[in-house]
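I have placed the structure first, in the form of C-alpha coordinates, so that the comments after it can refer back to it.
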Amino acid sequence: MLTVEGLRSRYGRIEVLHGIDLDVASGEIVTVVGANGAGKTTLLKCLSGIQPVSSGSIVFRGEALTTVPAHARVRRGLAQSPEGRQIFTNLTVEENLRLGAYLFADDKVERDMQDAFAMFPILKEKRNLAAGGLSGGQQQMLAIARALMARPSCLLLDEPSMGLAPILVAQIFDVVKSLKALDVTVLLVEQNAFGALSVADRGYVMETGRITMSGPAADLIADERIRAAYLGI
Amino acid sequence: MPELLQFLLSGITVGAVYALVALGFTIIYNASDVVNFAQGEFVMLGGMITFFAHAAGLPLPLAALIAIIVTAAIGVALNKLAIEPARGAPVVSLIIITIGASIFIRGATQLVFDKQLHRFPAFSGDQPILIGGATILPQSLWVIAGALAVFVCLWLFFTRTLIGRAVLATANNRVAAQLVGINTKYVMTLSFAMSAAIGALAGVLVTPITLTSYDVGLALALKGFAAAMLGGMGNPKGALVGGLLLGVLEAMTAGYISSQYKDAAAFVVILAVLFAMPQGLFGRKSTDRV
(Lines of atoms letter the chains of each structure in order from A and count residues from 1; the text may use other names and numbers.)
(Lines give C-alpha, C1' and ligand atoms only; values in the text may rest on other atoms or scores of the structure.)
Protein backbone atom coordinates (compact mmCIF):
# COMPACT_ATOMS: atom_id res chain seq x y z
CA MET A 1 0.00 0.00 0.00
CA LEU A 2 2.79 2.39 0.97
CA THR A 3 6.32 2.02 -0.35
CA VAL A 4 9.17 4.35 0.53
CA GLU A 5 12.52 4.07 -1.24
CA GLY A 6 15.74 5.93 -0.58
CA LEU A 7 13.96 8.79 1.15
CA ARG A 8 16.21 11.66 2.12
CA SER A 9 15.24 14.90 3.80
CA ARG A 10 17.05 17.83 5.34
CA TYR A 11 16.48 20.79 7.62
CA GLY A 12 18.54 23.50 5.99
CA ARG A 13 21.95 22.00 5.35
CA ILE A 14 21.60 19.22 7.87
CA GLU A 15 20.34 15.95 6.45
CA VAL A 16 18.19 14.08 8.95
CA LEU A 17 16.94 11.17 6.82
CA HIS A 18 19.73 9.35 5.01
CA GLY A 19 17.81 7.10 2.64
CA ILE A 20 14.88 5.35 4.24
CA ASP A 21 13.39 2.19 2.71
CA LEU A 22 10.13 1.01 4.16
CA ASP A 23 6.92 -0.62 3.04
CA VAL A 24 3.51 -1.13 4.54
CA ALA A 25 1.08 -3.68 3.14
CA SER A 26 -2.66 -3.21 3.16
CA GLY A 27 -4.23 -4.12 6.51
CA GLU A 28 -0.97 -4.18 8.41
CA ILE A 29 0.03 -2.34 11.54
CA VAL A 30 3.64 -1.37 11.06
CA THR A 31 5.68 0.49 13.61
CA VAL A 32 8.84 2.54 13.41
CA VAL A 33 10.54 2.66 16.79
CA GLY A 34 13.60 4.58 17.81
CA ALA A 35 15.00 7.09 20.23
CA ASN A 36 14.15 10.76 20.37
CA GLY A 37 15.79 12.55 17.42
CA ALA A 38 16.10 9.46 15.23
CA GLY A 39 14.06 11.16 12.50
CA LYS A 40 10.78 9.31 12.99
CA THR A 41 8.62 12.42 13.03
CA THR A 42 10.46 13.84 10.03
CA LEU A 43 9.72 10.63 8.17
CA LEU A 44 5.98 11.00 8.81
CA LYS A 45 6.12 14.69 7.87
CA CYS A 46 7.68 13.69 4.55
CA LEU A 47 4.96 11.11 3.98
CA SER A 48 2.26 13.71 4.69
CA GLY A 49 3.93 16.33 2.54
CA ILE A 50 4.61 18.96 5.18
CA GLN A 51 8.37 18.44 5.08
CA PRO A 52 10.28 18.68 1.77
CA VAL A 53 11.93 15.54 0.43
CA SER A 54 15.37 15.96 -1.12
CA SER A 55 15.43 12.62 -2.91
CA GLY A 56 13.79 9.22 -2.96
CA SER A 57 10.26 8.12 -3.70
CA ILE A 58 6.99 7.66 -1.87
CA VAL A 59 4.43 5.46 -3.63
CA PHE A 60 0.97 5.20 -2.11
CA ARG A 61 -1.58 2.83 -3.65
CA GLY A 62 0.40 2.76 -6.88
CA GLU A 63 0.77 6.52 -7.18
CA ALA A 64 3.93 8.57 -6.68
CA LEU A 65 3.23 11.11 -3.93
CA THR A 66 6.43 13.12 -3.81
CA THR A 67 5.04 16.05 -5.80
CA VAL A 68 1.48 15.88 -4.44
CA PRO A 69 0.74 18.73 -2.00
CA ALA A 70 -0.11 17.86 1.59
CA HIS A 71 -3.84 18.58 1.45
CA ALA A 72 -4.25 16.42 -1.65
CA ARG A 73 -2.60 13.42 0.05
CA VAL A 74 -5.41 13.40 2.61
CA ARG A 75 -7.85 13.16 -0.27
CA ARG A 76 -6.01 10.07 -1.50
CA GLY A 77 -6.55 8.32 1.84
CA LEU A 78 -3.33 9.07 3.70
CA ALA A 79 -4.06 10.88 6.97
CA GLN A 80 -1.82 11.76 9.88
CA SER A 81 -2.45 12.22 13.54
CA PRO A 82 0.45 14.55 14.31
CA GLU A 83 2.71 14.52 17.32
CA GLY A 84 1.88 16.60 20.35
CA ARG A 85 -0.94 19.09 20.39
CA GLN A 86 -1.47 19.88 16.74
CA ILE A 87 -5.16 20.51 17.16
CA PHE A 88 -7.17 23.65 16.48
CA THR A 89 -7.07 25.13 19.97
CA ASN A 90 -9.46 28.01 19.21
CA LEU A 91 -12.21 25.74 17.89
CA THR A 92 -14.44 23.38 19.83
CA VAL A 93 -13.85 19.65 20.03
CA GLU A 94 -16.76 19.05 17.70
CA GLU A 95 -15.49 21.63 15.18
CA ASN A 96 -12.09 19.94 15.25
CA LEU A 97 -13.70 16.63 14.39
CA ARG A 98 -15.87 18.19 11.70
CA LEU A 99 -12.77 19.70 10.10
CA GLY A 100 -11.16 16.27 10.18
CA ALA A 101 -13.84 15.33 7.66
CA TYR A 102 -13.21 18.57 5.74
CA LEU A 103 -13.23 16.71 2.44
CA PHE A 104 -16.67 15.25 3.01
CA ALA A 105 -20.16 16.71 3.20
CA ASP A 106 -22.39 13.64 3.39
CA ASP A 107 -24.41 11.85 6.05
CA LYS A 108 -21.52 9.60 6.97
CA VAL A 109 -19.75 12.52 8.66
CA GLU A 110 -22.30 12.49 11.49
CA ARG A 111 -22.00 8.70 11.89
CA ASP A 112 -18.21 8.92 11.89
CA MET A 113 -18.45 11.52 14.62
CA GLN A 114 -20.65 9.25 16.70
CA ASP A 115 -18.07 6.48 16.17
CA ALA A 116 -15.33 8.83 17.34
CA PHE A 117 -17.36 9.68 20.45
CA ALA A 118 -17.88 5.98 21.09
CA MET A 119 -14.15 5.41 20.79
CA PHE A 120 -13.32 8.36 23.08
CA PRO A 121 -16.33 9.10 25.32
CA ILE A 122 -14.50 11.97 27.03
CA LEU A 123 -14.57 13.88 23.74
CA LYS A 124 -18.35 13.62 23.63
CA GLU A 125 -18.54 15.08 27.11
CA LYS A 126 -16.37 18.02 26.07
CA ARG A 127 -17.67 18.39 22.54
CA ASN A 128 -18.65 22.06 22.92
CA LEU A 129 -15.53 23.18 24.75
CA ALA A 130 -12.52 24.86 23.14
CA ALA A 131 -10.01 22.16 22.28
CA GLY A 132 -7.20 24.27 23.73
CA GLY A 133 -8.58 23.61 27.20
CA LEU A 134 -8.34 19.81 26.96
CA SER A 135 -5.68 17.93 28.87
CA GLY A 136 -2.70 16.57 26.99
CA GLY A 137 -4.18 13.07 26.81
CA GLN A 138 -7.52 14.36 25.62
CA GLN A 139 -5.84 16.47 22.94
CA GLN A 140 -3.99 13.35 21.79
CA MET A 141 -7.27 11.45 21.55
CA LEU A 142 -8.78 14.35 19.63
CA ALA A 143 -5.88 14.33 17.17
CA ILE A 144 -6.37 10.61 16.52
CA ALA A 145 -10.14 10.92 16.24
CA ARG A 146 -9.78 13.88 13.89
CA ALA A 147 -7.43 11.92 11.62
CA LEU A 148 -9.92 9.04 11.51
CA MET A 149 -12.67 11.45 10.44
CA ALA A 150 -10.77 11.81 7.14
CA ARG A 151 -11.68 8.13 6.38
CA PRO A 152 -8.06 7.17 5.78
CA SER A 153 -7.09 3.90 4.19
CA CYS A 154 -3.70 4.43 5.81
CA LEU A 155 -3.26 6.27 9.10
CA LEU A 156 0.07 7.74 10.14
CA LEU A 157 0.29 7.97 13.92
CA ASP A 158 3.04 10.08 15.42
CA GLU A 159 3.91 9.29 19.05
CA PRO A 160 0.34 8.75 20.23
CA SER A 161 1.53 7.67 23.68
CA MET A 162 3.86 10.59 24.29
CA GLY A 163 3.41 12.31 27.62
CA LEU A 164 0.44 10.24 28.67
CA ALA A 165 -0.30 8.52 31.97
CA PRO A 166 0.29 4.74 31.80
CA ILE A 167 -3.42 3.94 31.91
CA LEU A 168 -4.02 6.21 28.91
CA VAL A 169 -1.07 4.71 27.06
CA ALA A 170 -2.69 1.29 27.33
CA GLN A 171 -5.98 2.74 26.12
CA ILE A 172 -4.34 4.41 23.11
CA PHE A 173 -2.60 1.17 22.07
CA ASP A 174 -5.92 -0.65 22.37
CA VAL A 175 -7.40 1.88 19.98
CA VAL A 176 -4.54 1.32 17.54
CA LYS A 177 -5.13 -2.42 17.66
CA SER A 178 -8.85 -1.90 17.08
CA LEU A 179 -8.18 0.03 13.86
CA LYS A 180 -7.35 -3.26 12.18
CA ALA A 181 -10.99 -4.26 12.42
CA LEU A 182 -11.90 -0.98 10.68
CA ASP A 183 -9.69 -1.87 7.69
CA VAL A 184 -7.33 0.99 8.43
CA THR A 185 -3.69 0.33 7.70
CA VAL A 186 -1.48 1.90 10.34
CA LEU A 187 2.04 3.25 10.33
CA LEU A 188 2.85 3.93 13.97
CA VAL A 189 5.88 5.90 15.04
CA GLU A 190 6.80 5.46 18.71
CA GLN A 191 9.47 5.90 21.34
CA ASN A 192 7.55 3.46 23.47
CA ALA A 193 9.02 0.48 21.61
CA PHE A 194 7.47 -2.19 23.80
CA GLY A 195 3.94 -0.84 23.50
CA ALA A 196 4.25 -0.25 19.77
CA LEU A 197 5.80 -3.64 19.00
CA SER A 198 3.13 -5.42 21.05
CA VAL A 199 0.34 -4.13 18.81
CA ALA A 200 2.23 -4.13 15.51
CA ASP A 201 2.62 -6.88 12.89
CA ARG A 202 6.02 -5.69 11.75
CA GLY A 203 8.51 -3.18 12.96
CA TYR A 204 11.43 -1.05 11.85
CA VAL A 205 14.11 0.29 14.14
CA MET A 206 15.37 3.74 13.26
CA GLU A 207 18.61 5.31 14.46
CA THR A 208 19.91 8.76 13.47
CA GLY A 209 18.09 8.86 10.15
CA ARG A 210 18.63 5.26 9.07
CA ILE A 211 16.68 2.03 9.37
CA THR A 212 18.96 -0.32 11.28
CA MET A 213 16.74 -3.36 11.78
CA SER A 214 13.41 -4.63 10.57
CA GLY A 215 11.28 -7.71 10.87
CA PRO A 216 8.14 -9.18 12.41
CA ALA A 217 7.26 -7.38 15.63
CA ALA A 218 7.45 -10.59 17.67
CA ASP A 219 11.04 -11.18 16.51
CA LEU A 220 12.07 -7.64 17.30
CA ILE A 221 10.59 -7.84 20.80
CA ALA A 222 12.60 -11.01 21.36
CA ASP A 223 15.84 -9.60 19.94
CA GLU A 224 18.57 -9.15 22.55
CA ARG A 225 19.92 -5.92 21.12
CA ILE A 226 16.50 -4.31 21.00
CA ARG A 227 15.63 -5.49 24.46
CA ALA A 228 18.81 -3.88 25.74
CA ALA A 229 18.56 -0.64 23.75
CA TYR A 230 14.86 0.15 23.72
CA LEU A 231 12.97 -2.03 26.12
CA GLY A 232 15.23 -1.60 29.10
CA ILE A 233 15.26 -5.29 29.80
CA MET B 1 -30.30 67.85 21.78
CA PRO B 2 -30.73 67.82 17.98
CA GLU B 3 -27.05 68.69 17.92
CA LEU B 4 -26.13 65.53 19.81
CA LEU B 5 -28.35 63.46 17.54
CA GLN B 6 -26.76 65.05 14.49
CA PHE B 7 -23.26 64.16 15.71
CA LEU B 8 -24.44 60.69 16.53
CA LEU B 9 -25.89 60.12 13.07
CA SER B 10 -22.82 61.35 11.23
CA GLY B 11 -20.65 59.38 13.66
CA ILE B 12 -22.54 56.19 12.88
CA THR B 13 -22.19 56.80 9.15
CA VAL B 14 -18.43 57.25 9.33
CA GLY B 15 -18.26 54.43 11.87
CA ALA B 16 -19.96 52.07 9.44
CA VAL B 17 -17.17 52.73 6.94
CA TYR B 18 -14.55 52.08 9.62
CA ALA B 19 -16.42 48.92 10.52
CA LEU B 20 -16.23 47.71 6.91
CA VAL B 21 -12.48 48.39 6.82
CA ALA B 22 -12.08 46.65 10.18
CA LEU B 23 -14.06 43.63 8.91
CA GLY B 24 -11.61 43.44 6.01
CA PHE B 25 -8.73 43.42 8.49
CA THR B 26 -10.49 40.71 10.47
CA ILE B 27 -10.70 38.24 7.60
CA ILE B 28 -7.06 38.39 6.58
CA TYR B 29 -5.96 38.47 10.20
CA ASN B 30 -8.06 35.39 10.93
CA ALA B 31 -6.52 33.49 8.05
CA SER B 32 -2.91 34.48 8.49
CA ASP B 33 -2.25 36.64 11.57
CA VAL B 34 -1.26 39.36 9.11
CA VAL B 35 -2.61 42.90 9.52
CA ASN B 36 -3.07 44.02 5.94
CA PHE B 37 -2.33 47.74 5.80
CA ALA B 38 -3.30 47.82 2.13
CA GLN B 39 -6.91 47.43 3.29
CA GLY B 40 -7.53 51.19 2.94
CA GLU B 41 -6.34 51.07 -0.67
CA PHE B 42 -9.08 48.56 -1.45
CA VAL B 43 -11.62 51.17 -0.28
CA MET B 44 -9.96 53.79 -2.45
CA LEU B 45 -9.93 51.44 -5.46
CA GLY B 46 -13.62 50.67 -4.99
CA GLY B 47 -14.46 54.36 -5.24
CA MET B 48 -11.99 55.27 -7.98
CA ILE B 49 -12.77 52.37 -10.31
CA THR B 50 -16.50 52.94 -9.89
CA PHE B 51 -16.07 56.62 -10.75
CA PHE B 52 -14.04 55.99 -13.90
CA ALA B 53 -16.23 53.13 -15.09
CA HIS B 54 -19.30 55.31 -14.51
CA ALA B 55 -17.65 58.26 -16.24
CA ALA B 56 -16.93 55.98 -19.18
CA GLY B 57 -20.67 55.54 -19.61
CA LEU B 58 -21.49 52.40 -17.66
CA PRO B 59 -24.57 52.44 -15.42
CA LEU B 60 -23.66 52.95 -11.76
CA PRO B 61 -24.60 49.44 -10.45
CA LEU B 62 -22.53 47.81 -13.19
CA ALA B 63 -19.62 50.17 -12.55
CA ALA B 64 -19.77 49.33 -8.84
CA LEU B 65 -19.85 45.61 -9.56
CA ILE B 66 -16.84 45.89 -11.85
CA ALA B 67 -15.00 47.90 -9.19
CA ILE B 68 -15.64 45.24 -6.56
CA ILE B 69 -14.55 42.40 -8.85
CA VAL B 70 -11.43 44.19 -10.07
CA THR B 71 -10.46 45.10 -6.50
CA ALA B 72 -10.97 41.49 -5.38
CA ALA B 73 -8.67 40.43 -8.22
CA ILE B 74 -6.09 42.97 -7.04
CA GLY B 75 -6.40 41.51 -3.55
CA VAL B 76 -5.71 38.05 -4.96
CA ALA B 77 -2.74 39.42 -6.90
CA LEU B 78 -1.39 41.02 -3.73
CA ASN B 79 -1.53 37.64 -2.02
CA LYS B 80 -0.06 35.68 -4.93
CA LEU B 81 2.70 38.14 -5.83
CA ALA B 82 3.71 39.59 -2.49
CA ILE B 83 2.47 37.55 0.47
CA GLU B 84 2.61 33.94 -0.75
CA PRO B 85 6.23 34.07 -1.99
CA ALA B 86 7.25 35.41 1.44
CA ARG B 87 5.40 32.68 3.33
CA GLY B 88 7.49 31.50 6.22
CA ALA B 89 8.80 34.99 6.85
CA PRO B 90 7.89 36.44 10.25
CA VAL B 91 4.46 38.07 10.49
CA VAL B 92 6.09 41.48 11.00
CA SER B 93 7.81 41.17 7.61
CA LEU B 94 4.50 40.29 5.97
CA ILE B 95 2.87 43.34 7.56
CA ILE B 96 5.67 45.53 6.21
CA ILE B 97 5.08 43.99 2.77
CA THR B 98 1.43 45.08 2.97
CA ILE B 99 2.56 48.63 3.81
CA GLY B 100 4.80 48.54 0.73
CA ALA B 101 1.94 47.20 -1.34
CA SER B 102 -0.31 50.03 -0.18
CA ILE B 103 2.26 52.62 -1.29
CA PHE B 104 2.57 50.83 -4.62
CA ILE B 105 -1.20 50.72 -5.18
CA ARG B 106 -1.49 54.41 -4.32
CA GLY B 107 1.26 55.31 -6.78
CA ALA B 108 -0.14 53.10 -9.53
CA THR B 109 -3.62 54.60 -9.08
CA GLN B 110 -2.17 58.07 -9.41
CA LEU B 111 -0.59 57.11 -12.72
CA VAL B 112 -3.45 55.05 -14.15
CA PHE B 113 -6.20 57.48 -13.09
CA ASP B 114 -5.36 60.93 -11.73
CA LYS B 115 -4.90 63.02 -8.59
CA GLN B 116 -8.29 64.74 -8.60
CA LEU B 117 -11.13 64.39 -6.12
CA HIS B 118 -14.02 62.43 -7.56
CA ARG B 119 -17.62 61.80 -6.75
CA PHE B 120 -20.42 59.86 -8.40
CA PRO B 121 -24.15 60.35 -7.67
CA ALA B 122 -25.70 59.00 -4.49
CA PHE B 123 -27.86 55.87 -4.99
CA SER B 124 -31.11 57.37 -3.68
CA GLY B 125 -30.68 61.10 -4.24
CA ASP B 126 -29.25 63.81 -2.02
CA GLN B 127 -32.42 64.92 -0.23
CA PRO B 128 -31.61 64.74 3.51
CA ILE B 129 -34.03 62.83 5.72
CA LEU B 130 -35.18 64.61 8.88
CA ILE B 131 -34.97 62.61 12.12
CA GLY B 132 -35.88 64.42 15.38
CA GLY B 133 -34.40 67.70 14.31
CA ALA B 134 -31.27 66.17 12.83
CA THR B 135 -30.71 65.14 9.23
CA ILE B 136 -29.21 62.11 7.59
CA LEU B 137 -28.39 61.52 3.94
CA PRO B 138 -30.06 58.58 2.21
CA GLN B 139 -26.57 57.48 1.21
CA SER B 140 -25.67 57.21 4.91
CA LEU B 141 -28.42 54.64 5.28
CA TRP B 142 -26.86 52.70 2.41
CA VAL B 143 -23.49 52.77 4.18
CA ILE B 144 -24.96 51.59 7.48
CA ALA B 145 -27.03 48.88 5.80
CA GLY B 146 -23.96 47.75 3.87
CA ALA B 147 -21.90 47.39 7.03
CA LEU B 148 -24.64 45.45 8.79
CA ALA B 149 -25.20 43.15 5.81
CA VAL B 150 -21.48 42.38 5.45
CA PHE B 151 -21.25 41.72 9.18
CA VAL B 152 -24.15 39.25 9.15
CA CYS B 153 -22.76 37.45 6.09
CA LEU B 154 -19.31 37.17 7.66
CA TRP B 155 -20.69 36.00 10.95
CA LEU B 156 -22.63 33.26 9.18
CA PHE B 157 -19.57 32.43 7.09
CA PHE B 158 -17.26 31.93 10.08
CA THR B 159 -19.72 30.15 12.35
CA ARG B 160 -21.98 28.22 10.00
CA THR B 161 -19.90 27.10 7.03
CA LEU B 162 -17.17 24.50 6.85
CA ILE B 163 -14.95 26.67 4.68
CA GLY B 164 -15.34 29.50 7.22
CA ARG B 165 -14.14 27.22 9.98
CA ALA B 166 -11.34 26.05 7.68
CA VAL B 167 -10.20 29.69 7.55
CA LEU B 168 -10.15 29.83 11.35
CA ALA B 169 -8.38 26.46 11.51
CA THR B 170 -5.72 27.64 9.05
CA ALA B 171 -5.02 30.69 11.19
CA ASN B 172 -4.82 28.58 14.33
CA ASN B 173 -2.55 25.83 13.03
CA ARG B 174 -1.46 25.87 9.41
CA VAL B 175 0.27 22.49 9.49
CA ALA B 176 -2.67 20.75 11.14
CA ALA B 177 -4.98 22.40 8.61
CA GLN B 178 -2.99 20.84 5.77
CA LEU B 179 -3.08 17.50 7.55
CA VAL B 180 -6.90 17.45 7.51
CA GLY B 181 -6.91 18.25 3.80
CA ILE B 182 -7.41 22.02 3.82
CA ASN B 183 -5.72 23.74 0.90
CA THR B 184 -4.21 26.55 2.93
CA LYS B 185 -3.06 28.49 -0.14
CA TYR B 186 -6.64 28.58 -1.36
CA VAL B 187 -7.81 29.76 2.06
CA MET B 188 -5.35 32.67 1.88
CA THR B 189 -6.42 33.57 -1.65
CA LEU B 190 -10.06 33.46 -0.64
CA SER B 191 -9.40 35.67 2.38
CA PHE B 192 -7.66 38.33 0.32
CA ALA B 193 -10.42 38.25 -2.31
CA MET B 194 -13.17 38.62 0.31
CA SER B 195 -11.29 41.30 2.18
CA ALA B 196 -10.62 43.33 -0.93
CA ALA B 197 -14.23 42.97 -2.11
CA ILE B 198 -15.53 44.23 1.25
CA GLY B 199 -13.09 47.16 1.12
CA ALA B 200 -14.22 48.02 -2.40
CA LEU B 201 -17.85 47.84 -1.34
CA ALA B 202 -17.11 50.35 1.41
CA GLY B 203 -15.53 52.63 -1.20
CA VAL B 204 -18.55 52.31 -3.49
CA LEU B 205 -20.96 53.13 -0.68
CA VAL B 206 -19.13 56.06 0.88
CA THR B 207 -17.73 57.93 -2.12
CA PRO B 208 -20.95 59.91 -2.79
CA ILE B 209 -20.61 61.33 0.75
CA THR B 210 -16.88 61.74 1.33
CA LEU B 211 -15.55 61.87 -2.24
CA THR B 212 -12.51 59.84 -3.21
CA SER B 213 -9.04 60.34 -4.59
CA TYR B 214 -5.91 58.22 -4.90
CA ASP B 215 -4.74 59.04 -1.37
CA VAL B 216 -7.79 58.41 0.85
CA GLY B 217 -6.70 54.86 1.67
CA LEU B 218 -4.03 55.50 4.26
CA ALA B 219 -6.25 57.37 6.71
CA LEU B 220 -8.98 54.75 6.30
CA ALA B 221 -6.53 51.92 6.95
CA LEU B 222 -5.36 53.56 10.17
CA LYS B 223 -8.91 54.30 11.34
CA GLY B 224 -10.04 50.80 10.44
CA PHE B 225 -7.05 49.39 12.27
CA ALA B 226 -7.93 51.43 15.36
CA ALA B 227 -11.50 50.16 15.11
CA ALA B 228 -10.35 46.54 14.78
CA MET B 229 -8.00 46.95 17.75
CA LEU B 230 -10.74 48.53 19.84
CA GLY B 231 -13.16 45.71 19.08
CA GLY B 232 -10.56 42.97 19.37
CA MET B 233 -8.52 41.90 16.34
CA GLY B 234 -9.97 38.91 14.55
CA ASN B 235 -13.51 39.19 15.84
CA PRO B 236 -16.22 40.30 13.34
CA LYS B 237 -18.48 41.53 16.13
CA GLY B 238 -15.57 43.50 17.56
CA ALA B 239 -14.89 45.04 14.14
CA LEU B 240 -18.49 46.22 13.82
CA VAL B 241 -18.80 47.61 17.34
CA GLY B 242 -15.27 49.03 17.28
CA GLY B 243 -15.94 50.79 13.98
CA LEU B 244 -19.21 52.34 15.13
CA LEU B 245 -17.74 53.40 18.48
CA LEU B 246 -14.74 55.01 16.83
CA GLY B 247 -16.95 56.84 14.32
CA VAL B 248 -19.17 58.22 17.07
CA LEU B 249 -16.17 59.16 19.20
CA GLU B 250 -14.68 61.04 16.26
CA ALA B 251 -17.91 62.88 15.54
CA MET B 252 -18.27 63.87 19.20
CA THR B 253 -14.66 65.05 19.34
CA ALA B 254 -15.18 67.12 16.22
CA GLY B 255 -18.51 68.47 17.47
CA TYR B 256 -17.77 69.25 21.10
CA ILE B 257 -14.03 69.84 21.19
CA SER B 258 -12.66 70.82 17.81
CA SER B 259 -12.75 69.28 14.36
CA GLN B 260 -8.99 69.72 14.33
CA TYR B 261 -8.69 67.00 16.95
CA LYS B 262 -11.03 64.64 15.10
CA ASP B 263 -8.25 62.43 13.72
CA ALA B 264 -6.51 62.32 17.07
CA ALA B 265 -9.44 60.34 18.49
CA ALA B 266 -8.42 57.23 16.53
CA PHE B 267 -4.86 57.36 17.75
CA VAL B 268 -5.84 57.99 21.34
CA VAL B 269 -8.02 54.89 21.02
CA ILE B 270 -5.14 52.79 19.67
CA LEU B 271 -2.90 53.86 22.55
CA ALA B 272 -5.57 53.41 25.20
CA VAL B 273 -6.43 49.92 23.93
CA LEU B 274 -2.80 48.86 23.82
CA PHE B 275 -2.19 50.12 27.35
CA ALA B 276 -5.37 49.04 29.04
CA MET B 277 -6.73 45.96 27.25
CA PRO B 278 -4.59 44.68 24.39
CA GLN B 279 -7.16 42.01 23.49
CA GLY B 280 -9.83 44.66 22.78
CA LEU B 281 -13.48 44.61 23.75
CA PHE B 282 -14.36 41.21 22.30
CA GLY B 283 -10.94 39.72 21.71
CA ARG B 284 -10.58 36.14 22.81
CA LYS B 285 -8.01 35.52 25.43
CA SER B 286 -6.14 32.54 24.10
CA THR B 287 -6.65 29.38 26.08
CA ASP B 288 -3.62 27.32 25.28
CA ARG B 289 -2.45 24.68 27.66
CA VAL B 290 1.30 24.58 27.87
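Glycine too: its Cβ is placed from the backbone N, Cα and C atoms.
Nonlocal intrachain contacts for the transmembrane segment (B:7-31), taken as residues 6+ away from its ends with a CB within less than 8 angstroms of a stretch CB, comprise 39-40, 42-43, 131, 134-137, 140, 143-144, 146-148, 150-151, 154, 158, 167-168, 170-171, 187-188, 190-192, 194-196, 198-199, 201-202, 205-206, 209-210, 220-221, 223-228, 231, 233-236, 238-240, 242-252, 254-256. If you look up TrEMBL, you'll see B:7-31 (among others) marked as transmembrane segment.
With a cut-off of 8 Å between Cβ atoms, the residues of this chain six or more beyond the transmembrane segment (B:51-78) that come close are 38, 42, 45, 98, 101, 105, 113, 118-121, 123, 189, 192-197, 199-201, 203-204, 207, 212. Annotation comment: TrEMBL describes B:51-78 (among others) as transmembrane segment.
Sequence annotations record features per position, and here TrEMBL assigns transmembrane segment to B:90-109 (among others).
Taken from TrEMBL, the feature transmembrane segment covers B:129-158 (among others). Long-range contacts of the transmembrane segment (B:129-158) within the same chain: residues 1-3, 5-6, 8-10, 12-13, 16-17, 19-20, 23, 26-27, 30, 122-123, 164-165, 167-168, 198, 201-202, 205-206, 208-209, 236-237, 239-240, 243, each at least 6 residues beyond the stretch ends and with a Cβ under 8 Å from a Cβ of the stretch.
TrEMBL lists B:186-206 (among others) with the feature transmembrane segment.
According to TrEMBL, the transmembrane segment annotation covers B:238-258 (among others).
Annotation comment: TrEMBL describes B:264-282 (among others) as transmembrane segment.
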Six or more residues out from either end of the transmembrane segment (B:186-206), which same-chain residues have a Cβ under 8 Å from its Cβ atoms? 17, 20-21, 23-25, 27-28, 30-32, 36, 39-50, 64, 67-76, 78-80, 83-84, 139, 142-143, 146-147, 150, 163, 166-167, 170, 177, 212, 220
